[in-house]
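Scroll down for the structure; my scribbles are underneath it.
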Amino acid sequence: QIVPLWIAPNLLTFSGFVMILVNYFLISFYDWDYTASGTSPGLVPTWVWLFSAFTTFCAYALDSIDGKHARRTQSSSPLGELFDHGLDSWATSIFVLSFFSVCSRDNGKTGVSVYTMYIYLSIVLFNFMCSHWEKYNTGVLFLPWGYDLSQVVLITAYLLTGLVGVEVWQKPLLFGYYITDVLVILLIGFSLLLSFPQTLYNIHRAHLKKTLKNGSLYEGLLPLVSPLLLFVLLTVWVVLSPGNILAKQPRLFLWMVGVTFSNVICKVIVCQMSSTRPELLHWFLFPLALVVYAAISGLLSWAEEAVLAAFTALVTAAHVHYGICVGRQLSEHFNIYIFSLKKRIQE
């Protein structure tokens, strides 16, 4: 109720996304290789952790009220829905990548391995994908309480790190397990025992009620093809890379994972909203397959890191371009501005 009525809901959504983006790049500046909290504690200033808690809370709050503000200003639209969920698909990975700097990578005593980071990120993105795959089939977006819990955990972790220090993550919590171990176990348990079964149950219930939006099994499973192939290609690169690319460039590689996933899911969200069929193979898969083949066959040799950087720049630019183009098209189609409540002037 304290938000002025002249502010567009999309401005709230975008402001929250920009805050977590600024926070991510700030942490990256102090901790590019995820070692600042492990082998070199103290490299990240205390104020950065407190700033992380503040930006995470603000982004969470703004993401929670943008829809309410849209209804309050009578400005709800498909553009706002896509804007919200599209940015969420990217923010999901950024939240996780920022958190990794808290626990740091494995240094032989504490921290988590870069492979655990990859698995952790993949599980989080898998949960996000399941929510929108469910909506594609049922027409209802069921958000489990795990999202709210994850935000509270993130804010608490940043506050704890800022007030106590990174040493809190380097001491066993229970039975020799560290806090990071407990969080990974909880995440896997939540995904496999609660989130994914709930998605399957909701789809099954819609099938019994004959309210499924897609009549055939092929149509229902189609949105999963590109995300699963994406995961397979990325995992092959991680496992078979001659230069151990994930260990050498964990931040760059994981950022690329988040961006490619976001673009694939954004297209699924568009298809779900417009009741159209998603493409079988996303175009990102073709250049990625070539890069992975060149990497694991040894053709890239010493240039593997450079090619990763180039591919990451390509997909990031393509994703931003896609978002701008779709936003402009919807803006023109619905005769509304993205960041203003004023109506566009009809030509």
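Cβ from N, Cα, C; glycine included.
As written in TrEMBL, here are the features:
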type	residues	note
TRANSMEM	12-30	transmembrane segment
TRANSMEM	42-62	transmembrane segment
TRANSMEM	112-130	transmembrane segment
TRANSMEM	142-163	transmembrane segment
TRANSMEM	175-196	transmembrane segment
TRANSMEM	217-240	transmembrane segment
TRANSMEM	252-270	transmembrane segment
TRANSMEM	282-300	transmembrane segment
TRANSMEM	306-324	transmembrane segment
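For the transmembrane segment (282-300), the most Cβ-contacting stretch among 12-30, 142-163, 217-240, 252-270, 306-324 is 217-240 (pairs under 8 Å). With pairs at least 6 apart in sequence, the transmembrane segment (217-240) and the transmembrane segment (112-130) have 3 or more Cβ pairs within the 8 Å limit; the two touch. When each of the listed stretches 12-30, 175-196, 217-240 is scored by C-beta pairs under 8 angstroms to the transmembrane segment (252-270), 217-240 comes out highest. Same-chain neighbours of the transmembrane segment (175-196): 103, 110-112, 116, 120, 123-124, 126-127, 130, 144, 146, 153, 168-169, counting only residues six or more beyond its ends whose CB sits under 8 Å from a CB of the stretch. Long-range contacts of the transmembrane segment (306-324) within the same chain, counting only residues at least 6 positions beyond its ends with a Cβ under 8 Å from a Cβ of the stretch, are 86, 90, 245, 249, 252-253, 255-256, 259-260, 262-263, 266, 284, 287-288, 291, 294-295, 300.
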